[in-house]
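Participant: Here's a structure for you.
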Amino acid sequence: MTVSPSALAELGFNYQEEDSVRPWAAVLVDLPQNEGVYTYAIPPGLTVQDGDIVAVPFGNQQLGGIVVGCLTKLPPDLPPEKIKPIQDVIVSGFFAPHYWRLLHWLAEYYCTELITVIRMALPPGLLQRSQRRIKLNGDRLPSDWPLFLSQPSHQGARQILTLLQSSKEGDYSYRYLRQKVPGLTKALRDLLKRQWVESYLEPPKAVQPQLPKMVTLLNFDPSFKLTELQARTLIVLKNQGGEMWLADLLKAVPCSASTIQSLAKKGLVAIAEREKLRLFQQPSINASQAPELTPAQKQACQTVLPLQGYHQVLLHGVTGSGKTEVYLQICGDRLGKGQSVLVLVPEIGLTPQLTDRFRARFGNKVAVYHSGLSSGEKYDTWRQTLLGHEQIVIGTRSAIFTPLPNLGLIILDEEHDSSFKQTQLTPNYHARTVAQRRAELEQCPLILGSATPSLESWHTVHRHQNDPQRHYLELPERVQSRPLPPVQIVDMRAELKQGNRSIFSRALQTALGELKAKQQQGILFINRRGHSTFVSCRSCGYVLECPNCDVSLSYHYVQGNGQPLLRCHYCNHAEIQPKVCPECSSPYLKFFGSGTQKVTEALTQEFPDLRWIRFDSDTTRRKGAHRALLDQFQRGEADLLVGTQMLTKGLDLAQITLVGVVAADSLLNFADYRSAERGFQTLTQVSGRAGRGEEPGQVIIQTYTPRHPVIQAVKTHNYHGFIAQELPQREMLNYPPYGKLILLRCLGTNEREVEKTIQAIAVLCEQLLPKTVEILGPAPASILRIAQRYRWQLLVKYPSFIKVILPLERIKQICPSSVYLDIDVDPLSID
């Protein structure tokens, strides 16, 4: 039976009716590449409210949708007979009112569809497609049906009924029957017409709760006649508090399931299914006590603890100043008041260390949420947050959407970090911006912590320094009065002139040589993974490039007997390293630039006694790899961590005394207005990993531009001096934090069509946007082609004190189906 979709609801129609009887609902239907709000009838006896997740018929399928409003009157020109009923409510009241408002705001602010925001915010599995199933209608099936279908023309129908009768439930999926029965469609149509079978759509299923069996001790009576195995089973169960998961009990005794069943028949134990949350498994942590606070830490806590309602706090503390302890003190206060806390970190690699410290203080009240979890673990973490108990969730940017009850505090640690901005998927949201809006809606304080605050956060709090809801708190010294590590700048031009061809300067070589003797550990930071930045022919100059992108391929060394690879870091294309030049067949190929693999190769050659661990996105892809590598390092199984940006983000390893920056210039030479800020933040953060323990630290930065303003600011740990130089340049050009930016980018396989589309969008924006808005471009992106798609863009720039609303519907009408439009509000990069 084909069911036509309900008529499309009228755009702009008011769905927020206040009458008590509201027989229709506007449902945002989950359709691929489309956001459709459709009107459905609410069946008698079914309670539906805004934010419910419902199953609705749409054509010949059943889809998931979100109720966005209920109404007493139909939109004009919408006949009641066309309205189909909602099938069922999958999750009732899933969105709290303030959460619902957050999603609406996010869709509007980031210029995207509400359904896109909902798909991103929900855990996996809540809006999945249903499947069609065929069920035997036993009441209508005549007993002599085999005789009736004995004709050869009825062979398909006979096969269907035979299969259905062999099924315990009397039904199979349409997909399964199609595989088993040739010519299924005609035979099934015949059976449906006779009403011997039914066709139905199984409601969309969320990721299901895990329901293993729990064994509970009911009676421990020695007078019962028991076998030795049964008695031992009861003793094990009693010693474990009277309750154990069945699987655990079978291993602990050990015994078989029949032994447990026999005890249940005697009435000594009960066996029942019980939900077991698939929370991320973490090692046990010893409890810790709060240390003595420094005067600055005490002042910070005294300022934040009394805050009620929305407040924004910028906690600016130098590396090693004890920001995390301030977080812990304030979190303890919030938990004591029955409130929950959300803690966001920029990288998965940071969650193990931070989680361990929180769990040592707060035990099992701490949960984690990030992209490294399985779908089941994500789903169950959401379920745990909905139970209503006060708790702490620690996670990466996606954790901002966890529905914590009675939220009392949001913390963004390392708030300056670019990883808080989503750039690979729509919407291109920034977790800091969303956190600010969520804190406003839920009326709780927001703490932004960093040793190198973003210029936006710094400017906001100082521009509103008389606002009682804005607070600037500073931790200017390290705990226990430990000094910041001295920073030595090495001019690599001088090294080359004096005959040093190594990637390590003589100063760094000396420090590395002393590391083993002093039984200390260190970090080597390089801004690129892989071995070499590009491969070029020394005979003809040919550079090996990606066939899909306008970029060179990076050389990656493969361990063991594997062949060396050339890999694209944009589309992940990989090919075997050729032995001769593809252009002129010359065997003289040269590798240029350095990555983490090349650094470790040089270490092995020059310092064979030093043990190292590579810590980059190539070595941490596997689940749990971040923790495993850091634990290995903390146990003293390596002398050096060699890695990329991950090493700069809040790692607190007391045994590190040396930090070496192999090539600082790779952070500075970008055609982007944020280049200096990012370079200063990265170099300052990685420098701050040294000297956090009892032993003093040292930092060696290798560069070809030692007089660069960023290098000089990092040398003296001078954040205030850096921003005093950087902010006037931003203000002069009206770049953030003084101006606002929106990047519109068109992508497609036909370059001329992409260019033509972005030019038409630019003309439209010039016509419709206020004169105070500046349109820069259109122009090709700095990398014109990625993954075989050409990229053209324009930048909308305007003063931060005005509000600009893009003519989205008009812009979308300009874009043909072959051109994808990406809108990035507040872009962190305009390349």
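Any Cβ shown, glycine's included, is placed from N, Cα and C.
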Participant: Of 413-416, 497-500, 529-532, 593-596, which range does Swiss-Prot call motif 'DEAH box'?
Facilitator: 413-416
Participant: Can you list, in sequence order, the residues of the same chain other than C546, C549, C568, C571 whose CB lies within 8 Å of the CB centroid of the Zn(2+) 2 site?
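Facilitator: Other same-chain residues near the Zn(2+) 2 site: P547, N548, V551, L553, H569, Y570, N572, H573, I786, A787.
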Participant: In Å, rounded, how far does the Cα of C546 (Zn(2+) 2 binding site) sit from the Cα of C540 (Zn(2+) 1 binding site)?
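Facilitator: Spelling it out, the Cα of C546 (Zn(2+) 2 binding site) and the Cα of C540 (Zn(2+) 1 binding site) are 18 Å apart.
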Participant: Can you tell me the CA-to-CA distance separating C549 (Zn(2+) 2 binding site) and C540 (Zn(2+) 1 binding site), as a whole number of Å?
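Facilitator: Here the two Cα atoms lie 22 Å apart.
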Participant: Once near-sequence residues are set aside, which residues in the chain of C571 (Zn(2+) 2 binding site), 6 or more away, have Cβ atoms under 8 Å from its Cβ?
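Facilitator: In sequence order, the residues whose Cβ lies under 8 Å from that of C571 (Zn(2+) 2 binding site) (at least 6 apart) are C546, N548, C549, I786, A787.
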Participant: So what sits near K323 (ATP binding site) in its own chain, CB-to-CB under 8 Å and at least six residues off in sequence?
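Facilitator: Looking at Cβ-Cβ distances below 8 Å from K323 (ATP binding site), excluding near sequence neighbours, one finds L315, G317, D413, G449, A451, L475.
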Participant: Beyond the listed site residues G317, V318, T319, G320, S321, G322, K323, T324, identify every same-chain residue whose Cβ lies within 8 Å of the center of their Cβ atoms for the ATP site.
Facilitator: A451, L475, R478, V479
Participant: Given the Zn(2+) 1 site residues C537, C540, C581, C584, which other residues of that chain have a Cβ within 8 Å of the mean position of their Cβ atoms, reported in sequence order?
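Facilitator: The surrounding set, listed in chain order, is R538, S539, G541, Y542, P582, E583, S585, S586, Y588.
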Participant: Just the number: how many Å between the Cα atoms of G320 (ATP binding site) and C581 (Zn(2+) 1 binding site)?
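Facilitator: Cα to Cα, G320 (ATP binding site) and C581 (Zn(2+) 1 binding site) are separated by 50 Å.
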Participant: Please average pLDDT over the motif 'DEAH box' (413-416) for the predicted structure.
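Facilitator: Here the predicted model's pLDDT, averaged over the motif 'DEAH box' (413-416), is 94.
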Participant: Could you tell me which of these binding-site residues, T319, S321, T324, has the fewest other Cβ atoms within 10 Å of its Cβ?
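Facilitator: The binding-site residues T319, S321, T324 were compared, and T324 has the fewest Cβ atoms within 10 Å.
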